[in-house]
């Protein structure tokens, strides 16, 4: 049994295929590099290949800095079959490689020039000669998707099943890149559909992973039928790959066409195709597998003690998928894997707070414990989902679990002990949570400094503080002077509480206020950003005070016209906020947050803080 917490997100096959993909990208880059000729040199070469007289006088030993001979250049710069024949008769070797590792035949194939390919082959070029990466000319034609070039090579006896340095045949490459017509041609010339690559991958594995349905169908045709249940070195079958990457049409084709697919087969990690669909949030694929093949896969656990339900909770971004799996009435929401961990453990460990809330609302038991399988049998290390969240620094989830703590539990609501442990308590911020918060805050501040226009950057030395005119949990508000203007200064305390810090609110508030410009919204003057201990937001000072002060402290009586002026100005400010490209909702519109320039005189101003603003997507 494997340790869930050490479950790899990438398999060995994934790592290998990434390297294979990179190698083919490099191959194309090297081919393109060979095709790059300096403009002056290119003009001269075109003149040579465009004139029989000039060509007859050319130095046969000529070559470029990249090691391109005249034979290579003939394939790039407008040469013809006559030039090829002449150069080869005069002794230029077609086997010579450029510094990037390609013959003239490779370059002619990459340029898709059937005439030059034929001429080179008739002149004695080795059709099976390998260049960079163990690639033959047929491999190059397949990578580029050049149907005509591939056809000429096959007509002249190219080995259709030859393998390159990563043991890919041309058919592997055609399936990988989705070259349907080239695939059809290769099959016509007898390509082996079941030959294995370096990690046991067949062309059908590649087509299934990349989502090429038509190629998958070609590979399954009678006469060259691929083994639909063939396993690679990690026991993946094609259904594993199309399920993992969400290729619903291929999943449906494999399951519905009497192909004798084994839908519940497992890889070396114990994953069924349904597991992989759920680990990657492929809801439609998961539904298709269950609807066609039944619910057998739902009860299977992989080596990390996870059912498909656990897998969906590990992914955590599709509550609809989790709900669908629970609706099958096969797995209980509190089902524990062999190591004891539940879907709630998985969601907590990966920080999926919305899923955690959904599971708790639907009866998930936060007191169930998991055991660490890496410990020896004599040691008992039982952990609740809260401990898993705490370990990963997901402090918001720890706080949420506090809210949902069962009333019969005797521990205080703000402290937790580990069941079966030594009674030690956990509290937020967790060590990792604190590090995450600090790292995020530093990044947020740097981004804010970079994005805030320079005229909004203030130094604390530029500000003259006068009397205090307000206070709150964030700090204090002062009346003062800045750049020869009377202003209001909101001075922050640089402390962190719970899971949301003043730094976060400060950055949020500044980033929004700096974009606002309307006569009925308090004007932003600037901010001090140098250090959290000096954080301050400077805004326009409104001399008339708040509407609350006017009505309840000064006991002023407003006439109807003044009330209408105030109401209209507030509405104008709200309309401006709501009609921004990214609309803003003022979530706490009350008398304390409406300020008056002077008694009964417009404009009246809306005051926004990080607590009262809410951004809507455009």
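Backbone N, Cα and C atoms are what each Cβ position is placed from, and that goes for glycine too.
Keep in mind that what you see is a predicted model, and the values were worked out from it rather than measured.
Swiss-Prot has this to say about the protein:
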| type | residues | note |
| --- | --- | --- |
| LIPID | 2 | N-myristoyl glycine |
| REPEAT | 66-96 | repeat 'ANK 1' |
| REPEAT | 100-129 | repeat 'ANK 2' |
| REPEAT | 133-162 | repeat 'ANK 3' |
| REPEAT | 166-195 | repeat 'ANK 4' |
| REPEAT | 199-228 | repeat 'ANK 5' |
| REPEAT | 234-263 | repeat 'ANK 6' |
| REPEAT | 269-298 | repeat 'ANK 7' |
| REPEAT | 304-335 | repeat 'ANK 8' |
| REPEAT | 339-368 | repeat 'ANK 9' |
| REPEAT | 381-410 | repeat 'ANK 10' |
| BINDING | 469, 470, 471, 472, 473, 474, 475, 476, 477, 490 | ATP binding site |
| ACT_SITE | 588 | active site, proton acceptor |
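For the repeat 'ANK 2' (100-129), the DSSP-based tally of helix, strand and coil residues reads 16 helix, 0 strand, 14 coil.
Predicted-model confidence for the repeat 'ANK 5' (199-228) is 93, expressed as mean pLDDT. Spread of the ATP binding residues is 14 Å (greatest Cα-Cα distance among 469, 470, 471, 472, 473, 474, 475, 476, 477, 490). 234-263 is the stretch from 100-129, 234-263, 304-335, 339-368, 381-410 with the greatest number of Cβ pairs below 8 Å to the repeat 'ANK 5' (199-228). Contact count against the repeat 'ANK 10' (381-410) (Cβ pairs under 8 Å) is highest for 339-368, out of 100-129, 166-195, 234-263, 304-335, 339-368. Sequence-remote contacts of a segment are chain residues at least 6 beyond its ends whose Cβ falls under 8 Å from one of its Cβ atoms, and for the repeat 'ANK 8' (304-335) they are 1-4, 7, 269-272, 274-281, 283, 286-287, 290, 295, 297-298, 341-344, 346-347, 349-352, 354-355, 358-359, 362-365, 368. Secondary structure from DSSP puts residue 473 (ATP binding site) in coil. Sequence-distant contacts of the repeat 'ANK 4' (166-195) (same chain, six or more residues past either end, CB-CB distance under 8 Å): 20, 23-24, 133-134, 138-139, 141-143, 145-147, 150-151, 154, 160, 201-204, 206-207, 210, 212, 214-215, 218-219, 221, 224-227, 230.
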